[in-house]
Amino acid sequence: MNKAPRSKEEVENIMKMFDNKSKTLIKPGDAESERDIAIYRKIFYQFLTEPYKVVWENLRPMPAEKQKSYDELPKVLNENERKSLLNRLVVVKLNGGLGTTMGCKGPKSLVELSNGMNFLEFVLRQHEILNDELKDLNETKEIPFLLMNSFCTDIQTKQYLENREKPTNYVECFSQSRCPRIYADTLEPVPTKWDDCPNDGWYPPGHANIFPIMAHCGLLDRLLAEGRDIAFFANIDNTGAVFDERIAKVLADGITDYILEVTPRTPADVKGGTLVEIDDGYRLTQLECPHVPDEHQDEFRSLKKFKTFNTNNIWVNLRAVKEKLGQLKLAMLANEKKLSNGRPILQLEQSIGDVIRNFPGRALAVNVSRRRFLPVKSTRDLFHLRSKCLFSFNSSLCLLQKIGESPLPEVILSTEEFGALTDFEKRIPEIPKIQSNVEKIAITGNVFLGKGIQFNGKNIEIIAEKGKCISIPDNSIINSKEEEHKKPQQNGCCQQNGEVKNNNNKVGKILFDVNGNDKYLLKEEII
């Protein structure tokens, strides 16, 4: 790490300022509010005293011997061993995020995933299937299912659980800390008191916050008293993050105390975290974009140098965590953002993935299939997951990629028209049937798709130029240019950028014969 820029006197003065202002940030008589400010004070002090940019020369990519392929993991031998694993298991879903990237105001977990089922319902049904399996093994205990909410998601999540027809006795909610944002220039808290700036003055300080919160509320001790020492953590929007007995067995056998699932890095992942070695190879740590000095950002994005990507699917021995509570060392993420008035602020966060550095010699990266990393960060991801041609559910409600390990088609949707969920669903009311030969789908501009659409061919492009609109009717078949070139031209028409032009350059919308003749019908007016 590089040298801290502030003198001892500067740090003391800034901390005095914070301590003075933080008195009004604690809600009177509220133990959780007092706890949260105490937790934040430690994070803030670390930010002042320890640089958060790495010394590039002191790290190196994770070597092969620090990771295992999933296929190398030992298999569970029989039902008794699986029953033993399930009796030690607790599943924790990280549910603190909002669907703001898709224009939603509420929790992302309440966004519809497929067929009227939202993300929260999806993981609840998965867990119920797991509990039913345990009952079939003559076990009456249920596997605990924990939701770590944030102050942004807690109320709506609990309302959903209360209103759900099927009981959720196995579910327990707890909340991340509520911490103040700070101004980037003065380092003063944005809110001036505990109920100030509710919309943009506060934030949850990252998923590493989970361990002190679990300890503070007594949840950690209670789980261990029940013999629940194998914890599986995952983001609630990662639809591929399901219980895996072979990974759990590695923890149960005492081989390691901390497992982070990684997967091969792609161009879409270059800004995300990757594991690296520090301290001359003594320990692993998570490297993320904010840690990297500006002059090394291109190198950080190199797929040749950093070949794996962190899925945030994490398996932990809770007994080992308890032993290290109070000693956990974590890197700082200082995320730069702007308030609604444009003023720059900082969010100080710590990642649960970086907890791996606290288990030198007892940590392992498991290289898993991309099927275990299927998150939803945008409407493009929803386009994939809502496609019945690309994915289906098995009996355990696991999403199965129908095209195996082949890459999913690249999907490009213009942000202005398709970025918000309401616009996306209005313009694409039903995901088209996507043939296995499709590699790329680009839909940009003022485009509306009907129902029963079919995409066929390598590159599908539907591009409405500015000021024009393309409306594809129900049951149309959209062939790529490559597919059309295999056929004789009909009526002198050719497809170009989602429009139809005849030989006289008259422009119309794409229409196809719904009887399956793949015949272009031309209208001269622009819709």
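Here the Cβ of each residue, glycine as well, is placed from N, Cα and C on the backbone.
No curator has checked TrEMBL annotations; they are predicted automatically.
If you check TrEMBL, you get these features:
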type    : residues                     : note
BINDING : K108, Q176, G206, D237, K377 : UTP binding site
BINDING : H207                         : substrate binding site
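K108 (UTP binding site) carries a helical DSSP state (H, G or I).
Under a cutoff of 8 A between CB atoms, and with a sequence separation of 6+ in the same chain, the neighbours of the residue listed as 'substrate binding site' are L94, G96, M148, Q176, F233, N312, S351, I352, G353. According to its DSSP assignment, the residue listed as 'substrate binding site' is helical.
Binding of UTP is attributed in the record to K108, Q176, G206, D237, K377, and the widest Cα separation among these residues amounts to 21 Å. Least crowded of the binding-site residues (K108, K377), judged by neighbouring Cβ atoms within 10 Å of its own Cβ: K377. Remark: D237 (UTP binding site) has G97, K108, S109, F119, P375, V376, K377 as non-local neighbours, by Cβ distance under 8 Å and separation of at least 6 in sequence.
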